[in-house]
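Colleague: Have a look at this one.
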There are 2 protein chains.
Amino acid sequence: MNHHAAFLADFATLSTFGATERGGVHREAATDADAAQRAWFGELLAARGFRVAFDRIGNQFGLLDAVPGAPYVLVGSHLDSQPFGGRYDGAYGVLAAAHAAERVAARWRDSGRTPRYNVGVVNWFNEEGSRFTPSMMGSAVYTGLLDLDAALDTRDLRGVRVGDRLAELGQLGDGGPSLDDVAAYAEIHIEQGRVLEDSGHTIGLVHATWSAHKYFLTVEGEQSHTGSTVMADRRDALLGAAHLTVLAREIADALSTSDAPLHTSVSQLTVEPNSPVTVAREARLHLDLRSPDEAVLARANAMLHERIPSIERAARVSISVAGAHHWGVRPFPAAGVALARDCADELGLSHREIMTIAGHDSVNMNGRVPTVMLFVPSVEGISHNEGELTKDADACAGADLLTEVVDRLTAGTLDGR
Amino acid sequence: MNHHAAFLADFATLSTFGATERGGVHREAATDADAAQRAWFGELLAARGFRVAFDRIGNQFGLLDAVPGAPYVLVGSHLDSQPFGGRYDGAYGVLAAAHAAERVAARWRDSGRTPRYNVGVVNWFNEEGSRFTPSMMGSAVYTGLLDLDAALDTRDLRGVRVGDRLAELGQLGDGGPSLDDVAAYAEIHIEQGRVLEDSGHTIGLVHATWSAHKYFLTVEGEQSHTGSTVMADRRDALLGAAHLTVLAREIADALSTSDAPLHTSVSQLTVEPNSPVTVAREARLHLDLRSPDEAVLARANAMLHERIPSIERAARVSISVAGAHHWGVRPFPAAGVALARDCADELGLSHREIMTIAGHDSVNMNGRVPTVMLFVPSVEGISHNEGELTKDADACAGADLLTEVVDRLTAGTLDGR
């Protein structure tokens, strides 16, 4: 079986874990379906000569030691999915990483060549953040951006604790290389947008992340009767949340341009008490503002804060920020982009530079170690949806490119650049 | 102990079941707290000479048979509460019914007088409808407005089935009088508004219900990525639900007047999948329109339907009606209002006629049997809230009034009127 057929066969097997009727997957972090695919993936890695280990937050590693004691080039992504999500998001990158590492190791054996670095495949824990917040949890702990104990103490909406659940699944350990033992990181992912499809390129060379403001907002009202309470007496937290949701879209409509797009959203709205005959006393929601243009993002952020007081008056609620994250446009290393471009040129793959809007584990690794981030096209940009699709030819092209990138990274090509 | 002290002492005990830190109660239908208070209430009734029985939907009866074979005057309300609700809503009326029936029976014994009808106290199952939809479930089944099997098959958001849970609690039976054996019904309830407080009256003589449109709406969008999906591609079900929520308030603002108020609300919003990084594919919500003026309600309903298509276009969603209920202004029997007015005058209690905005079990009984509905004041109109309060003097005055009403109803005073 050639590389492409082998990759597609493994990917078909992987896509059976948590498979949904409409062709997607439903395997949030540390669910039974996620645990089953991790067990399968561990067996796959072990059968192909990798040493498999979990670290203290449940990141899963497959390590190939060609040079005893040498640092690792890590390559990977995540196998967990959104609820009723697509089968490519994350999973594609993990499987491509395993195949790339295996192919590179075979080249070492076949050629007798000794690399500078070892190679390690990583399946980060809970990238999606749909069950346990925040997202990119495993890579955040790994890179010191999130406290280990805080992560282990995180609970889902049913009260299940990350640490307890991972222990129950036997997916906690003290293995894997420390960050100090990592020489570089590479990740390939589906674009989740339609830039590559629209421009007709096979490969996206990710050169930067969009800037973003992310808010976790609490709207406080007062519980009352939906029928009998006089309208003027109501302090309706759900109405306040609805105004925020509409405002987020209005901000995008007002400020987004084709040159400097602005993406906004409200998501994960929870309402207390969510009774059919009770005006809500509290609502909690996530509100995101994202743009590749920091000036546009700043205007969006200003407009949000300018408008909140009028929403508070209209719904007679108070709105507070329970959590906030902000980051500016963050570049990936130019040398990594150049390395990937060279590889794509050698393989004859069309490519373009692109920014990533979504967060990825590579965003956490970037700045800590030299990091290369690659995209392949998403059909119609559909993502976090069971209809998510990347064509087989593009998926295989990406795996080929990742193989070349890993080969060069393990050879030390980025060293000193 | 006099009647008032005895009533307040029992009410204090009743308020301990599911008591919350802020002075409310948290005892949704068929929860442990609801089961415990029903057990306590059954023991109280039995100790005072009532024959206790459950019917096939878990309505709890306490029957006093003074005239073997004669029909019953039923008097009652409900003990279940909203989540973190108030301690008066329903519970006040059930306990007042038990005390009124006991006092009337004592009069029969003391005077040697034989009534025309027996008296029965009823604690209706699941009036609130917060855990199991619809509300007023027990009285709806009892009056044939809701199918018994459909009610028993209702499940809460965790999948618990009404029939299974009631059987587990030992609160299903085949007792209680059939509707054919009921001569009249009386209920006393807190107003849950501020009409009585504002006008300075102790008693509200309920002469009619507000008209209402109640909709259960489904908003269908498409699941996608909150970050990377291009704004123009989004079909955001939560945005559609937010527009509906804002619209409901706009309709009230546009059409409500002091002479013909209009109350509107959106409640119990659920979002799928409720992930922080996923544009919602579906939202479901309750939308109510209520008015004492049927013309105003009709204009509100028209405005709602006129505006839905523009919301569908704005959020690129489809909105469908998954369920709808409508009722016009419905009068309570004038003879019952007159009977209650006479009793209030004799007791020297100030009174006024009033409409009920909220639904009550009496609304289901009304039209089936002669029904008398009474209100006592709610401080500041606060309801479905832990701060719900009716002053002791008002609560006791209401219990006195209900006693007189039950005395006259069991004497057959309404017969033929």
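Every residue, even glycine, has its Cβ placed from backbone N, Cα and C.
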Colleague: Let me know which member of A:His3, A:His189, A:His201, A:His207 TrEMBL also records as binding Zn(2+) 1 at the site of A:His78, A:Asp89.
Modeller: A:His189
Colleague: Under 8 Å, Cβ to Cβ, against chain B: pull out the ones among the binding-site residues A:His78, A:Glu128, A:His189 that qualify, in sequence order.
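Modeller: Near chain B - Cβ to Cβ under 8 Å - we find A:Glu128.
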Colleague: Please list, in sequence order, the residues in the chain of A:Glu128 (Zn(2+) 2 binding site) that are at least six apart in sequence and whose C-beta is under 8 Å away from its C-beta.
Modeller: A:Glu28, A:Ala29, A:His78, A:Asp80, A:Ser81, A:Gln82, A:Gly85, A:Asp89, A:Gly90, A:Ser135
Colleague: Please report how many Å separate the Cα atom of A:His189 (Zn(2+) 1 binding site) from that of A:His384 (Zn(2+) 2 binding site), as a whole number.
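Modeller: Cα-Cα distance, A:His189 (Zn(2+) 1 binding site) to A:His384 (Zn(2+) 2 binding site): 13 Å.
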Colleague: Starting from the Cβ of A:His189 (Zn(2+) 1 binding site), draw a 10 Å sphere and report how many other Cβ atoms land inside it.
Modeller: 28
Colleague: Looking at Cβ-Cβ distances, which residues of the chain lie under 8 angstroms from A:His384 (Zn(2+) 2 binding site) while being 6 or more apart from it?
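Modeller: In sequence order, A:Gln82, A:Gly85, A:Gly86, A:Asp89, A:Gln192 meet the Cβ cut-off.
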Colleague: Once the DSSP letters are reduced so that anything not helix or strand counts as coil, what is A:His189 (Zn(2+) 1 binding site)?
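Modeller: A:His189 (Zn(2+) 1 binding site) sits in a strand per DSSP.
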Colleague: Given the recorded Zn(2+) 1 site (A:His78, A:Asp89, A:His189), which additional residues of the same chain have their Cβ within 8 Å of the Cβ centre, ordered by sequence?
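Modeller: Here the non-site neighbours turn out to be A:Ser77, A:Tyr88, A:Gly90, A:Ala91, A:Tyr92, A:Gly93, A:Val94, A:Glu127, A:Ile190, A:His360.
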Colleague: Just to be sure I understand the packing, how many Cβ atoms besides its own are within 10 Å of the Cβ of A:His78 (Zn(2+) 1 binding site)?
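Modeller: Result for A:His78 (Zn(2+) 1 binding site): 30 other Cβ atoms within 10 Å.
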